[in-house]
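**Student:** First the structure, which I've put down as structure tokens, then a few questions once you've had a look.
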Amino acid sequence: MTLLADILTLLLNGLQQGAIYVLLAVGLSIILGTLKFVNFAHGALYLVGAYLGLFITTEVPLTNGQLAEWGIQSYGIGLGFIAALVIVPIVVFVIGLLMEKFVAQAFYSRPDTDQILVTFGLAIIVQETLRAMLGGNSQPFQQPSWASGPIALPIIGNFPRWRLGVIAITAVLVLGVYLLVEYTDFGLIVQAGTLDGEMVRLLGIKLSRPYLVVFGIGAALAGVAGVVGGPLANVNPNIGTEQLVPAFLTVVIGGVGKIEGAVVAGLMLGTLQVALIQTGNAAWSQVGIYALAAVILLVRPQGLLGSEVDVS
């Protein structure tokens, strides 16, 4: 393999890793930027998406956990990956609506620390409930048969087909959300509410419903991230917390509320992480993304594409 092929392979792998961060970060960013709500349960939504996708896609044997103790030997309905890709975002969207209605609304006017505590507590409840019911073992999430195996690319040669699928799915979804926010009446109302919610209300426009939908969309993106990210690694109760911090870093580096900023930052972090791993510095991969975040925030505290906005 030539040097050019090595570089292109690294970039594609970085795009794939960054794509997961982007899906999570875009949802986080629109919630934080629009609603001024710090959602530490976002990783739990990723976790729910992964487990729900696993449940819909295939049948998983149970060897421990409360369900196994009750005599249940497996769970899953085996409808396939496409069904999971359709059903999971709908279900997690509804979960997001319920979270906004019954949890977030009560904390919009509360300090950030209160928001963090309640959502982090909710995340722990979800994580530990899944661990108790299904066990803590890692479960393999099989790639869809139509996207398994390698695909021959110019210069690079063989490259995992599903990794390209993750990049493509992310691109389509993020573009759709960007167009919704930037070029529709709904998006204009949301943006106006973000800039001056009181003025929008004085004009007779109710913001409660658009805010509810924004929270649901952010949650749905996390659910999709869980489904598309599942086949890249085993599914276990810890994956939500593992993805949460890089996703928050992506939001902060890119600029709160900036979808394009989340895309740029996510791809930067993903590429850096993959570069460190592929060059034999896997132990430094997490350190590297934190160091990059520190440097960027020292130079631009508002993020790469963000503006100085009070999110308290």
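Backbone N, Cα and C atoms are what each Cβ position is placed from, and that goes for glycine too.
Automated prediction, rather than curation, is the source of TrEMBL annotations.
Quick paste of what TrEMBL says about this protein:
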type: TRANSMEM; residues: 20-38; note: transmembrane segment
type: TRANSMEM; residues: 45-63; note: transmembrane segment
type: TRANSMEM; residues: 75-99; note: transmembrane segment
type: TRANSMEM; residues: 162-181; note: transmembrane segment
type: TRANSMEM; residues: 211-232; note: transmembrane segment
type: TRANSMEM; residues: 244-270; note: transmembrane segment
type: TRANSMEM; residues: 282-299; note: transmembrane segment
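Quick one: where do these features end up spatially?
**Tutor:** Long-range contacts of the transmembrane segment (20-38) within the same chain: residues 45-46, 100, 104, 107-108, 112, 115-116, 119, 166, 170, 173-174, 177, 181, 190, 193-194, 211, 214-215, 217-222, 224-225, 228-229, 232, 243-244, 246-248, 250-251, 254, 256-259, 261-263, 265-267, 269-270, 309, 311-312, each at least 6 residues beyond the stretch ends and with a Cβ under 8 Å from a Cβ of the stretch.
Tertiary proximity for the transmembrane segment (45-63) is limited to same-chain residues at least six positions away from its ends with a CB under 8 Å from its CB atoms, namely 24, 27, 72-81, 83-85, 87-89, 91-92, 95-96, 126-127, 130, 134-135, 137, 139, 141-142, 219, 222-227, 229-230, 235, 237, 239-240, 243-244.
Here the transmembrane segment (75-99) has Cβ contacts under 8 Å with residues 41, 45, 48-49, 52-60, 62, 67, 122, 134, 143-144, 169, 212, 215-224, 226-228 of the same chain, all six or more residues outside its ends.
Residues 16, 19-20, 23-24, 26-28, 30-31, 34-35, 37, 39, 42-43, 45-54, 81, 84-85, 88-97, 99-101, 104, 141-144, 162-163, 165-166, 169-170, 173, 177, 180, 186, 190, 193, 239, 243 of the same chain lie 6 or more positions beyond the ends of the transmembrane segment (211-232) yet place their CB under 8 Å from a CB of it.
With a cut-off of 8 Å between Cβ atoms, the residues of this chain six or more beyond the transmembrane segment (244-270) that come close are 14-22, 24-26, 28-30, 32-34, 40, 42-43, 46, 123, 174, 177-178, 181, 194, 289-290, 292-293, 296-297, 302-307, 309, 311.
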**Student:** Mind checking which residues reach the transmembrane segment (162-181)? Cβ under 8 Å, same chain, six or more beyond either end.
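**Tutor:** Counting only partners 6 or more residues beyond its ends, the transmembrane segment (162-181) has Cβ contacts under 8 Å with 12-13, 15-16, 19-20, 22-23, 26, 30, 85, 143-144, 147-148, 151, 187, 190-191, 217, 221, 224, 228-229, 231-232, 259-260, 263.
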**Student:** What parts of the chain pack near the transmembrane segment (282-299), using Cβ distances under 8 Å and only residues at least 6 beyond its ends?
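**Tutor:** Distant contacts of the transmembrane segment (282-299): 246, 249, 252-253, 268-269, 272-273, 276.
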